[in-house]
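Asks: Okay, these came from Swiss-Prot:
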ACT_SITE  E269  active site, proton acceptor
ACT_SITE  K330  active site
ACT_SITE  C382  active site, nucleophile
DOMAIN    230-470  domain 'CN hydrolase'
TRANSMEM  7-25  transmembrane segment
TRANSMEM  58-78  transmembrane segment
TRANSMEM  90-110  transmembrane segment
TRANSMEM  125-145  transmembrane segment
TRANSMEM  163-183  transmembrane segment
TRANSMEM  192-212  transmembrane segment
TRANSMEM  478-498  transmembrane segment
Amino acid sequence: MRWISRPGWPGHLLALAAGALTPLALAPFDYWPLAILSIALLYLGLRGLPARAALWRGWWYGFGAFGAGTSWIYVSIHDYGAASVPLASFLMLGFTAGVAFFFALPAWLWARCLRRDNAPLGDALAFAALWLALELFRSWFLTGFPWLYAGYSQLQGPLAGLVPVGGVWLSSFVIALSAALLVNLPRLFPHGASLLLALVLLLGPWAAGLYLKGHAWTHSAGEPLKVVAIQGNIAQELKWDPTQVRAQLDLYRDLSLPQQDVDLIVWPETAVPILKDMASGYLGAMGQVAADKKAALITGVPVRERLADGNSRYFNGITVVGEGAGTYLKQKLVPFGEYVPLQDLLRGLIAFFDLPMSDFARGPADQALLKAKGYEIAPYICYEVVYPEFAAALAAQSQVLLTVSNDTWFGTSIGPLQHLQMAQMRALESGRWMIRATNNGVTGLIDPYGRIVKQIPQFQQGILRGEVIPMQGLTPYLQYRVWPLAGLAGVLLLWALLGRRLRPQERRLFG
């Protein structure tokens, strides 16, 4: 098995296969032990490699992970971006090759500056710290691509109890640490004290996760809210067709009018497919309908802001009418779907760079939460719910979470179910109920433990009725966020860096 840790194609191909295991640990497959196996194979494959070979080993791992785990991008480009099979394949491969460097560069850094082959315990801790730093970096760099985090595999796994303590980040850290420790255990057998400490570090977090699973960090803030969520199941090719606007508005109206004994009626992202100011009459009428029911209606709608120079800016928004108030403008935009980077160069080249409603502006950072029935509701539009820290900042101020989305872009791929899993993780992190309304699924109600209580399956038109309980109190993660864990990672990485520079007799103190 030494070939695994040597430069060359056999090791690279194993890294590719190990990376491809990543999505199998996540939704919709949920074989969570594969997350540990995947990372363990990468860690083993990096052992002893020179920096240049480690860079390519990490790149192949990333190519496997993103190639298999974000294959839904091909569906968006080909099926809905009107790109040919060769062009869609080329763009997909180009994207995958680029984001694979998220793993390549840390692998190079690991081999060049941090790896400590003669200190297996310290080496495992430093590797887990670097893995956490990588996931944090991915959530921020170039607006972020926080997809395929290892920690999502634990949504209902043994580590779920740790998620309210340190978020998905803590789960990822423990998985990476466990993977490295399992690889290094045979090397620790001759060293009793180090072996004992390694076993504590290996088993302790999993035991703590099981012990805390189901612990109530938050409590009720009032009576349950009766919720109706509408899933319109509008085909994407009809979504922005001007001749279909009236039919869509009538559909959501007709599905909502019969609803009685309700507090919140929720429609999906851009359920109103025309600008808010153009739909003022319709929204006013629906607001009166909701008020007559003593309810609030919350819907996605594009918003126009007229500027002093005569131009306009457009936003992806959510607005509340009836017994509620507020309009929220989306802050985290989807590249190419809602805005086009370098648009002066790319617009007009292919249809994928000219998708409908792909010229949105970013909403301001300090926006008030939505208000309905006397409660603060944290809004997330589509992609925003996948950002743990962004979501936590809003959740801490709220009693209920709300996410609206249109996952039609991803067809029958695994993308919508991955997206749902990340939304579930936000509920678990915050200890709050979440309402999720989507155009074509999965619409559902999620409890504070990340479990789906009710749902409408994908690709069906439907009406979901249920209750959510407004919650108050802060989980440790909402209170302290990722900073304690990031600080620990920084200390461990500094420890590893210093350990590489010490003389052999001093290095034992760091091992």
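Placement of Cβ uses the backbone N, Cα and C atoms for every residue, glycine included.
Computed from a predicted structure; not experimentally measured.
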Asks: Let me spell it out: take the transmembrane segment (163-183), skip the flanking residues so only those 6+ beyond its ends count, and list any with a Cβ under 8 Å from a Cβ in it.
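Replies: Distant Cβ neighbours of the transmembrane segment (163-183) are 35-40, 43-44, 47, 121, 123-125, 127-129, 131-132, 135-136, 149-155, 198, 201-202, 205-206, 209, 212, 215, 217, 388, 392, 425, 428-431, 450, 475-477, 481-482, 484-485, 489.
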Asks: Work out how many Å separate K330 (active site) and C382 (active site, nucleophile) at their Cα atoms, rounded off.
Replies: 9
Asks: Could you say whether, by DSSP, C382 (active site, nucleophile) belongs to a helix, a strand or a coil region?
Replies: helix
